[in-house]
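A short worksheet on the structure shown next.
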Amino acid sequence: MVNTMKTKLLCVLLLCGAVFSLPRQETYRQLARGSRAYGGCSELRCFNGGTCWQAASFSDFVCQCPKGYTGKQCEVDTHATCYKDQGVTYRGTWSTSESGAQCINWNSNLLTRRTYNGRRSDAITLGLGNHNYCRNPDNNSKPWCYVIKASKFILEFCSVPVCSKATCGLRKYKEPQLHSTGGLFTDITSHPWQAAIFAQNRRSSGERFLCGGILISSCWVLTAAHCFQERYPPQHLRVVLGRTYRVKPGKEEQTFEVEKCIIHEEFDDDTYNNDIALLQLKSGSPQCAQESDSVRAICLPEANLQLPDWTECELSGYGKHKSSSPFYSEQLKEGHVRLYPSSRCTSKFLFNKTVTNNMLCAGDTRSGEIYPNVHDACQGDSGGPLVCMNDNHMTLLGIISWGVGCGEKDIPGVYTKVTNYLGWIRDNMRP
């Protein structure tokens, strides 16, 4: 039985109709005996990975926000220090105009007759609400806000800086020339974010190839948690970047020891839910991987990124050609797959295996005699990337996690949904 002041406070606020956000560690699922029960919300209400709690038989809800996010529905990103493009998606906390004036709260009664205010029905979608942060709800040239000048309300652009042009997700793509079972042989310059993770043998000298990985910044590699079920200490791991051939050294490859191995604390080794891990590369300076044509970080997605169903994406890795193959591929391979609708990414289509909201499905929809070679991930590809083109940059959508066989017709592969873990990634990458 749990009977804490925090729990009682949450219950009282829910019943009183309060809607607010709580830090993750402040919320408890169990209530004292006799209080009203509450559970997950019936519909998506919280952004950026926030968890929604709703009192039974009541419409009121509480958003439990990940670190770095706040607001009624976790819509404010407290870490955003610049805006991209025109700043339509900027959700930071900058509140000063170019003239140095303080912005007016979007919920102010003084703005009631203005077109854009925090009381619109679509205010949350536009980034407006009970705050005075700069926004661009009308697709203007940059973020702006209302300020008071000479007793008048005027629109002024804000002094929030523009983000530097990102180089993540850029590459020199080479059209694959050789076909292989399950995919196409490719060059590392086509997938410069691909990492190869090796582990020391426990009972003999040398090391063995363990899993794929994804470079997401100079010193961090994202991969799958299930790769580390044997609990290797970080000093027994090695990460290689810039390698076309799995065991043959490349001219421009970069090799790193591992400083830290962080496995998601709620990883389920039965269902593979929360199948995500981070490796911190070891370096004597703040810079680890050096950017080149063969080594480059992938772009992480925006939290609200939703690509259309059946969007064509790519996977890469050094895994087996098919499930019956005795060895991993000697050369890096790529596969072309399409994002499945969520309605087709369920246990029903995957032999009753558990599929959670932290997973997404992608597969090769071609079939028949013309396309006998179905592209798919296989053993050894785990931890590698599922990337899609977004805003002219390749962007990470998934981490290769599990599947039923390899290259089976009409059976998609299952990937860890990266957008659900942006807060977790950010928190664990902090010094």
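In case you wondered, yes, glycine gets a Cβ from its N, Cα and C as well.
Swiss-Prot names the disulfide partner of Cys378 among Cys313, Cys345, Cys406 as Cys406.
Swiss-Prot records a disulfide bond between Cys163 and Cys82, which is the match among Cys82, Cys103, Cys219, Cys227.
Per Swiss-Prot, the residue from Cys227, Cys261, Cys361, Cys388 that shares a disulphide bond with Cys313 is Cys388. Every protein chain shown contributes to the tally, and the Cβ of Cys288 (disulfide bond) ends up with 21 other Cβ atoms within 10 Å. Across the domain 'Kringle' (82-163), the prediction's mean pLDDT works out to 93. Comparing the Cα of Cys211 (disulfide bond) with the Cα of every entry in His226, Asp275, Ser382, these being the active-site residues, the smallest distance points to Ser382. Under the DSSP three-state reduction, Cys227 (disulfide bond) is assigned to helix. Helix, strand and coil counts under DSSP for the domain 'Kringle' (82-163) come to 7 helix, 19 strand, 56 coil.
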